[in-house]
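Undergrad: Here it is, the structure, as structure tokens.
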Amino acid sequence: MIWLDTLLQGVLLGGLYALFAAGLSLVFGVMRLVNLAHGDLIILAAYLILGVAAVLGVTPVVALLIAAPVMFVVGWLLQMQVFNRVLGDDILPPLLVTFGLSVVIQNALLEGFTANSQKLSLGPIETQSLHLGSVTVGVIPMMTLASAVAVIFLLNQLFYRTSLGRAFRATSDDVVTAQLMGIRPRRIFAMATGIAMVVATLAAFYLGARANFDPSIGPARLLYAFEAVIIGGLGSLWGTLAGGLVIGVAQAFGAAVNPEWQILSGHIAFVIVLLLKPRGFFPRATD
Amino acid sequence: MTTRTSSAFGRPASIAGAVALAALMFAMPLIAPRAVVQDLFSILTLLVLAMNWNLLAGFAGLVSVGQQAFVGIGAYAMFAAIILWGLDPLVGALIGGLVAVLFAIPMAFFAFRLQGAYFAIGTWVVADMVRLAAGQWKALGGGTGTSLPKGTTRDMIGVPLVKSVLGVSSAAAADTVVYWLALGLAILTLAASFYFLRSRMGLGLQALRDNANAARSVGVDPRRIKAIVFLLTAFGTGLCGALIFIQITRVTPDAAFSVIDWTAFVIFIVVIGGIGTLPGPIVGVAIFYLLQRLLADYGTVYLILLGLIGIGIMLFARGGIWGAISDRTGIELLPLRHRPPSHQPVVVEQEAARPAG
């Protein structure tokens, strides 16, 4: 029974990783940009929620609703002012610019909020749990997984059912032809990054509600998110969800054997999947 | 084929300048206080790491964010050689470099499956795995790390000799020895990069960077040549990592595999100085050191500033500071260009055949 419990905890943890990864997957799918600052932007969003809640004296849920549009604007501006200038055939400039941004965000948060760990407190719901037969699951981890599934579903609907999604797909396939059809790629890219930042804010909310965070933990979140995207297959949103679950389950089983092996087990699962299926489970993009 | 090149200073003058500079650097432990020698040691080791990363990212197009793996492996292998096998630290450092290469072979098989940006995060993941694995090595202190046994560096090869010749304390003599080794490694890395890049293989590498398809069509094998660069830089980085930790005398997984200390700094140094140029890392390391010194009292502000400068350079001046200087002044130090094969006899014949007028 302990194995079933571990499996379930892993799936729930995987929901959080899928939320970390969804924004990365969306941005990669639309513009082939790998944002090395993604993890630090999630942590930035967590501090934003914390700050809004403290300054306005509102609950973290209300703060999330205020922080999400702010992060959309942050994403939009970053894309318009910075990332759009370095997109191109040469992969070096976008990598180095996002890496620089990662270091800037991390250290600016360190200067502004110190290295002390923080948490978003949601009140009694944090400790509530449901009894499902012989296993017990926390309400917040359940909400995290449900949100991850909902986010992936909504992003897919957006991608395949709306005119914005059509523009996303068209720009992704062929920028020049999309431009001839009256699409402005720079704005489409900014839209995608803005949406990715809204998802990142939701991920930040659950991150802060589940566990402590501090300015230094962004890069590790980037690695989990990246592993989820690669395992799922580049450009596939449902694949990203599956990838998140794989990492979550691997980490949960590793931690069950020895708590020090949690992160290492996730990395090992990633390496094994990549050796067996170099393009992930559900590859859509060709590069 | 002729490989003669010109530089604005003329060749003999440049060589004389370089030799004089090397001699001055060599004499530093004799004329400067110990603190300066220690500072120069950390600058030189950062320079070696930067030259290696520049070779990888700037010339081979392999943007690795996992070079801290080799620094850490070099350091840990050296500690193992000293503590577990009782070897001399300098032999340990050499073993550190070799173990780094041994590790780079399977790592290359894995990481080379990933293209471009995914190579960057893939190498990062591998480095994180090695860090976590090092934390499980109980013989070397596990997660809390371990220190070199007291007096290890006092008996290191060369230290007693330097001590008696210069008449200094054991600690100062050890600083001098590792400083000279770092200086030697930096000069060797620079010279080796220069001759490698000017060799047939280096020409192939630069051809790949400029136009991969054209290079392939004339028979350059990208995987082979990039794998060779990956292994060579793993050796240089591992050896340098071991040297750094002889000086620190204490190793922990977080310090030995620090992405900030051994990769982020190095990336900024190369980008700011001028990626894909040989003098770039030298210019970059000087600027990095100045910034770190000037802003020493303001916590991590210099890191924020480094990040912003790096972003600015990528947006507005991709050649970095050396690239800008070189463009403005036309000065080329350590030029990598080849003259095209000469066809002069043919030209002369044609001119002779042409009617005058």
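The backbone N, Cα and C atoms fix where each Cβ goes, and this holds for glycine too.
So TrEMBL lists these for the protein:
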- A:12-34: transmembrane segment (TRANSMEM)
- A:46-79: transmembrane segment (TRANSMEM)
- A:91-110: transmembrane segment (TRANSMEM)
- A:130-155: transmembrane segment (TRANSMEM)
- A:188-207: transmembrane segment (TRANSMEM)
- A:228-253: transmembrane segment (TRANSMEM)
- A:259-276: transmembrane segment (TRANSMEM)
Undergrad: Do the transmembrane segment (A:91-110) and the transmembrane segment (A:12-34) share at least 3 Cβ pairs under 8 Å, sequence separation 6 or more?
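TA: Output yes: the transmembrane segment (A:91-110) sits against the transmembrane segment (A:12-34).
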Undergrad: With a Cβ cut-off under 8 Å, give me the same-chain residues at least six positions beyond the ends of the transmembrane segment (A:259-276) that come close to it.
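TA: Tertiary neighbours of the transmembrane segment (A:259-276) are 220, 223-224, 227, 230-231, 246-248, 250-253.
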Undergrad: Thinking of Cβ pairs under 8 Å, which stretch from A:46-79, A:188-207, A:228-253 has the most of them with the transmembrane segment (A:12-34)?
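TA: Highest pair count goes to A:228-253.
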Undergrad: Using Cβ atoms and a strict cutoff of less than 8 Å, what residues sit near the transmembrane segment (A:228-253) while being 6 or more residues removed from its termini?
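TA: Hits for the transmembrane segment (A:228-253): 6-7, 9-22, 24-26, 28-29, 148-149, 152, 155-156, 159, 172, 262-263, 265-266, 268-270, 273-274, 279-285, 287.
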